[in-house]
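What TrEMBL records for this protein:
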type	residues	note
BINDING	94-100, 119-123, 188-191, Ala244	GTP binding site
BINDING	Thr100	Mg(2+) binding site
Amino acid sequence: KPVVYSNTIQSLAAILRAMDSLGIEFGDKDRKADAKLVCDVVSRMEDTEPYSAELLAAMKRLWSDPGTQECFNQLQKYNRIGAADYQPTEQDILRTRVKTTGIVETHFTFKNLHFRLFDVGGQRSERKKWIHCFEDVTAIIFCVALSGYDQVLHEDETTNRMHESLMLFDSICNNKFFIDTSIILFLNKKDLFAEKIKKSPLTICFPEYTGANTYEDATAYIQVQFESKNRSPNKEIYCHLTCATDTGNIQVVFDAVTDIIIANNLRGCGLY
């Protein structure tokens, strides 16, 4: 019996660790306490003992949570990925993530225009490497994870992710290097946000918020919070709600972004 007890709770703990690595959220935020209970039992090496009523109830709740099930289903893809003839699908590529360190430059062509895209690290330790380098860039695309409104930073567990994004946006939007630079704001992960806002109120991030916990009202409020950071009367913030894994959505958004960049270039030349 001890082996069965251990294998079962160890397997659940492995799924919980995978959820963190894959960026999968619990459907119910109360499951975080259950996850801590399970992981504490494993870390204390008490996993071979019979489950207490409290632990068993926590394990059942965790297994029933939509986030846990999503992660489990993701792990089932290992059979496909482990095949000798495996080739990444478009969705496989879109869902991969590599932490950006320093400055990564990418060249691509869209609508017969050649773009040079500079991807920069958003982590605190990375910013000093790039913020002074881009005085002459055509536009800045600032990405915010809407779903981070009830999460904290990995490097500082006392700071809310949305608050940190607002502070960074303020510093970039009003930076002397970017006075004449177009700023395009991507409020990303709108799909995750639409599900999360049903269960986790926006007041976690903005205690003063009095609107409804609906996707429409909450995203409108967040957009205003970012736009209000702009202290230049001559600078316009172009905002888009995005889902990076939805190719149709990104196609429409990038069409609009390209038009904005072209128009601003023409305006700078006095031709618009």
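Including glycine, each Cβ sits where the backbone N, Cα and C put it.
Those TrEMBL annotations? Automatic predictions, nothing curated.
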For Arg97 (GTP binding site), what residues in its own chain, 6 or more apart in sequence, show a Cβ-Cβ distance under 8 Å? Gly23
Using Cβ-Cβ distances, find the residues under 8 Å from Leu94 (GTP binding site) that belong to the same chain and are at least 6 apart in sequence, listing them in sequence order. Ala244, Thr245, Thr247
Same-chain residues at least 6 positions away from Asn188 (GTP binding site) with a Cβ under 8 Å from its Cβ, in sequence order, are Cys143, Val144, Ala145, Leu146, Thr242, Cys243, Ala244
Starting from the Cβ of Asp191 (GTP binding site), draw a 10 Å sphere and report how many other Cβ atoms land inside it. 18
